[in-house]
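Peer 1: If you look up TrEMBL, you'll see Cys233-Cys269, Cys412-Cys449 marked as disulfide bond. Annotation comment: TrEMBL describes 299-439 as domain 'Lysosome-associated membrane glycoprotein 2-like luminal'. The transmembrane segment annotation in TrEMBL covers 456-479. Annotation comment: TrEMBL describes 458-488 as domain 'Lysosome-associated membrane glycoprotein 2-like transmembrane'.
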Amino acid sequence: MVVNQKARAWSPRPPAVRFADWPEARTSPAPGLMTRAGAARPGSCCALVGGRRVPASAPRASSLVSPLLPPPPPPLPLGIMVCFRLAPVPGLELALLCLVLGAAQSYALELNLTNSEKVTCLYAKWQMNFTIQYETTNKTNNTVTISAHDPVTYNGSSCGDDHNGPKIAVQFQSGFSWIVNFTKSAPNYFIDSILFSYDTRDNTTFPDAKDKGLFTVADSVEVSVPLNNIFRCKSLLTHEKNHVVQHYWDVLVQAFVQNGTVSKKEFLCEEDRSPTTAAPVIHTTVPSPTTTPAAKEKPEVGNYSVSKGNSTCLLATMGLQLNVTQDKVASIININPNTTGFTGSCQPNTAQLRLNSSVVKYLDFVFAVKNENRFYLKEVNASIALANGSVFSTANKNLSYWDAPLGSSYMCNKEQTVSVSENFQINTFRLRVQPFNVKEGVYSTAQDCSADDDNFLVPIAVGAALAGVLILVLLAYFIGLKRHHAGYEQF
């Protein structure tokens, strides 16, 4: 078994993988470039520098790249191969190094597993992160988000045999492991189950954790894929169980690869196939120096919640439209709740709701208590990947929106605008939030934003009514006076 792992720089939404980039696709490499198939071939490990192939056995081969690489981590078991591809730098056209090493740092994980005959049996490329909520010794809840971007190993990954199906096993950071199992029942194979393990004895990651030990979350997936098809899902996939939220996106995977050739026939996940959920956002980019254009469609309304222990502590229902202006270009992003993950935390005087997707890295709504009897939206933080490849980030900790009494919810069915900064506004539709004192997982009585409008209408209505009464009194007086004079004229 040979593992061919490639480390790449991470971006919030990397370009789609081209089939020409897969191991079997390149049969005629350009002069001076090493094919991935060649890089993965046992016994052919080498470095390619400035278009010249240098065998791994050649003296001083490591010195050619040592200024560019950190000291290697402890080696993996014999027979596991790791390939590093480095971005071009001045004077260095391409550097590709194959060594028997530990895994490299990477956000985008890629695995090419070969069997005893040195042919590919399983191929996978994906991105993932995990949000874990745990209880502290002082009975509060903390939330941590973990990504597989530290040195990663693949010990335990296998092509399967007559008794066991293939599996991908990933170990990263301190005490984290992730395993996905595959099964086959012709004419399909199945992404069968996912096991995620974390260790709360790591005080750096889980400070003041009340319960110390190794915890495993087992989740049955049962995604069916036709044999000799590669499963693809660019949309965000979210699984939540036992206070752990798992996020996956940009997934490419094929188990039971036939004849060592990764299939070019794609089987799309439902989220990519559906017209309403094929993309997590509606992206519109137009040149505009100061204004943000109106979106053609209103965003879909989503329901979000945050739990503390076994009970819900925050509820939010809203359609969200993000208006971003960067470099005099305005963008509109409609949040699609079907492809948006959400996490958060609840404290006695603060509460946070975090939304994230493949485009919205994070969008935080932070609520606070004021005067011990009211709540309001105090803070918004955002980091968003724009269509041109840039990342827009902003934060405002001095907001004052969505004010309502504690023990109630805030509701506004009409469109509202939360102005976070000069370059970032959020339009809300059919909004209702309750960040504190949620009982039995349902909203309490709502304070409607129309009540603010009513405060202006009441004095106007009272004044109009008094004016009407005064007019009626004057009319009655003049009519009575006229009749009185008419009676004297008859004598």
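For all residues, glycine too, the Cβ spot is worked out from N, Cα and C.
Help me see these features in their spatial surroundings.
Peer 2: Of all Cβ atoms in the shown protein chains, 22 besides its own fall within 10 Å of the Cβ of Cys233 (disulfide bond).
In this view, Cys449 (disulfide bond) is surrounded by 18 other Cβ atoms within 10 Å of its Cβ, with every protein chain counted.
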Peer 1: Just to verify a number: CA distance, Cys233 (disulfide bond) to Cys412 (disulfide bond), in angstrom, no decimals.
Peer 2: 35
Peer 1: Going by a 10 angstroms cut-off between Cβ atoms, which of the disulfide-bonded residues Cys269, Cys412 has the sparsest surroundings?
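Peer 2: So among Cys269, Cys412, the disulfide-bonded residues given, the one with the fewest Cβ atoms within 10 Å is Cys269.
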Peer 1: Helix, strand, coil: count each for the residues of the domain 'Lysosome-associated membrane glycoprotein 2-like luminal' (299-439), based on DSSP.
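Peer 2: Counting residues by DSSP class gives 3 helix, 99 strand, 39 coil.
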Peer 1: In whole Å, note down how far the CA of Cys412 (disulfide bond) lies from the CA of Cys269 (disulfide bond).
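Peer 2: Between the alpha carbons of Cys269 (disulfide bond) and Cys412 (disulfide bond) there are 35 Å.
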